[in-house]
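Quick notes on the structure that follows.
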Amino acid sequence: MAVGEGAKVDALQPFPVKEQLPGVHFCVSSSPPWPEAILLGFQHYLVMLGTTVMISTIIVPLMGGGNVEKAEVVNTLLFVAGINTLLQTWFGTRLPVVIGGSYAFIIPAISVALSSKYSQYIKPHQRFKESMRALQGALIIGSFLPMVIGFFGFWRIFARFLSPLAAIPLVTLTGLGLYAHGFPQLANCIEVGLPALILVVLLSQYVPFLMKSKVSIFDRFAVLFAVAIVWAYAEILTAAGAYDNRPAKTQISCRTDRSGLISGASWIKVPYPFQWGRPTFNAGNAFAMMAASFVAVVESTGVYIAASRYGSATPVPPSVLSRGIGWQGVGILLDGIFGTGNGSTASVENAGLLGLTQVGSRRVIQISAGFMLFFSVLGKFGAVVASIPLPIVAALYCVLFAYVCSAGLGFLQFCNLNSFRSKFILGFSLFMGLSVPQYFNEYLLISGHGPVHTGSTWFNDVMQVIFSSPATVAIIVAFFLDCTHSIGHSSTRRDSGRHWWEKFRFFDSDTRSAEFYSLPWDLNRFFPSF
């Protein structure tokens with residue numbers, strides 16, 4: 001064969017499979033210089049603020065709270081998120097993930113807030129406190145589920161049977177399933193949200209190639225630049241009176257002075273346990289919170305897998321994944337003790353930011369946790385940053401959620417895509433993961449209740465919570481099919497990509513696991529991973 005013919009054949013070869021993602025500037029165990037790390041940490045703090053404010057904006061008014069209560073809940077959420085992020089990065093998975101509020105807990109929270117039991121309270125603040133105490137009790141009981149399945153190793157058993165084929169729908173829909181919080185929220189104020197989206201894309205994807213600079217400034221700090229520019233633009237529109245005579249919904253979405261957080265926040269206040277009073281316990285609320293905790297565990301699993309990829313780490317060993325889920329349960333327990341009104345999960349948007357910046361450093365995330373703690377105590381200063389119009393945040397989500405979605409699609413390289421078994425499992429689980437939650441959410445929107453409408457409110461909430469989560473539905477379908485469909489066939493194991501992850505099933509099977517996942521201060525001697 002001639003030399004030219006050999007080069008042509010090589011050029012047509014598929015890209016090689018990579019157990020660790022190449023091109024990442026700083027992996028889990030490395031860190032950029034301190035000034036850059038601090039700026040990146042603030043950027044992660046800025047990104048996680050959006051979900052914190054959105055969740056508080058939804059549940060606090062329904063509970064009877066005003067701007068003061070909303071500001072206190074935001075600060076409490078931030079304070080507990082900072083603690084939980086440090087716990088997860090120190091003792092949990094050790095991955096660069098932010099642990100923040102979760103949309104999975106909103107349905108049971110709304111169910112408690114609208115309960116007739118609390119409508120008897122005339123004073124809104126009293127109704128808020130009683131509702132919050134009920135949520136605290138439900139979160140405390142609900143936290144035992146992830147702690148049990150995590151610390152006792154049940155999630156480790158599940159993870160050892162998880163193949164790349166089943167992980168694809170899980171991770172993909174962990175990002176893609178949140179599409180309703182992207183452009184639909186952005187479109188509430190298109191003249192603010194759309195410029196933010198365009199700026200993030202231009203600064204992160206086009207400007208670095210046009211400038212051809214060796215210093216990664218615009219792509220690494222695209223979120224900071226875009227938020228600062230569009231926020232200033234929104235301030236100008238607000239000051240110029242562009243929204244003075246517009247509908248109330250438009251003013252809330254577009255104006256920079258309608259969040260109510262700055263006026264409601266205290267200058268200095270440290271959140272403390274049981275600040276709303278003694279928790280109250282109800283079995284029905286507890287069951288609904290357990291369902292929400294399960295959904296948060298599933299979605300967090302998808303985030304952990306994506307974060308390990310963008311941190312250029314090896315696949316997460318099942319024992320480490322189970323350890324992280326256990327510490328997530330501790331985080332939900334702290335949510336109940338401090339009274340956040342919401343449970344904890346691994347932040348999808350922050351995992352996406354790892355991909356955007358190509359910095360998967362654990363230290364950067366720990367610095368962001370420091371910002372959470374700092375601004376939660378200095379309420380007025382934190383409220384200024386938290387008052388960013390939500391359409392700007394939604395514009396960031398359009399890019400960051402997409403990165404998590406693409407992390408899931410990246411696992412296709414481990415599977416045999418010429419197998420009709422693989423095609424069916426992938427297509428069917430992705431379709432059902434989008435279609436079933438769409439049905440449940442549309443039914444709730446039209447009828448005011450879910451398709452499961454029995455006399456037991458807690459059972460209705462459990463079904464609605466589980467089947468409203470795209471990632472949860474997708475992994476239920478994909479995991480079941482992958483473990484049962486053609487299991488006796490000789491090619492099934494390789495088609496699913498199990499042979500690629502085989503050496504990561506046990507912590508000590510690959511020497512690289514210790515670099516990324518070992519506990520600090522030589523604690524592995526006392527708490528070994530199996």
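Just so it is clear, glycine is given a Cβ too, placed from its N, Cα and C backbone atoms.
Look at TrEMBL and you will find 42-62 (among others) tagged as transmembrane segment.
Residues annotated as transmembrane segment in TrEMBL: 74-91 (among others). Here the transmembrane segment (74-91) has long-range neighbours at 48-49, 52-53, 55-56, 97-101, 261, 265-266, 269-271, 275, 323-324, 327-328, 330-331, 334-335, 338-342, 344, 346, 362, 365-366, 368-373, 375-377, 379, 382-383, 386, 519-520, 523, meaning same-chain residues at least 6 beyond its ends whose C-beta is under 8 angstroms from one of its own.
What TrEMBL lists as transmembrane segment is 97-114 (among others).
Here TrEMBL flags 134-155 (among others) as transmembrane segment.
If you look up TrEMBL, you'll see 161-180 (among others) marked as transmembrane segment.
The transmembrane segment feature in TrEMBL is assigned to 192-209 (among others).
Among the features that TrEMBL reports, transmembrane segment is placed at 221-243 (among others).
Long-range contacts of the transmembrane segment (364-386) within the same chain: residues 26, 31-32, 37-38, 40-46, 48-49, 52-53, 71, 74-76, 78-79, 81-83, 85-86, 89, 96-98, 259, 261-262, 264-271, 350, each at least 6 residues beyond the stretch ends and with a Cβ under 8 Å from a Cβ of the stretch. If you look up TrEMBL, you'll see 364-386 (among others) marked as transmembrane segment.
What TrEMBL lists as transmembrane segment is 392-412 (among others).
The transmembrane segment annotation in TrEMBL covers 424-441 (among others).
Look at TrEMBL and you will find 461-481 (among others) tagged as transmembrane segment.
Nonlocal intrachain contacts for the transmembrane segment (134-155), taken as residues 6+ away from its ends with a CB within less than 8 angstroms of a stretch CB, comprise 105, 108-109, 112, 115, 118, 274, 276, 279-282, 285-286, 288-290, 292-294, 296-297, 301, 318-319, 321-333, 335-337, 339-341, 343, 530.
Tertiary neighbourhood of the transmembrane segment (161-180): same-chain residues 103, 298-299, 301-303, 305-306, 318, 348, 352, 397, 401-409, 411-412, 414-415, 422, 425-426, 429-430, 433-434, 437, 469-471, 474-475, 477-479, 482-483, 495-498, 500-501, selected by CB-CB distance under 8 Å and a gap of 6+ residues from either end. Counting Cβ pairs closer than 8 Å to the transmembrane segment (392-412), the top stretch among 42-62, 97-114, 192-209, 221-243, 424-441 is 192-209. Beyond the transmembrane segment (424-441), the same-chain residues lying 6 or more positions past its ends with a Cβ under 8 Å from any Cβ of the stretch are 165-166, 168-169, 172-173, 176-177, 415, 450-451, 464, 467-471, 473-475, 477-478, 481-482, 485. Residues 185-186, 216, 218-219, 222-223, 225-227, 229-230, 233-234, 237, 253-254, 356, 389, 391-392, 394-396, 398-399 of the same chain lie 6+ residues outside the transmembrane segment (192-209) yet bring a C-beta within less than 8 angstroms of a C-beta in it.
Beyond the transmembrane segment (221-243), the same-chain residues lying 6 or more positions past its ends with a Cβ under 8 Å from any Cβ of the stretch are 39-40, 42-43, 46-47, 191-192, 195-196, 199-200, 203-204, 250-251, 254-257, 353, 356-357, 388-389, 392, 395-396.
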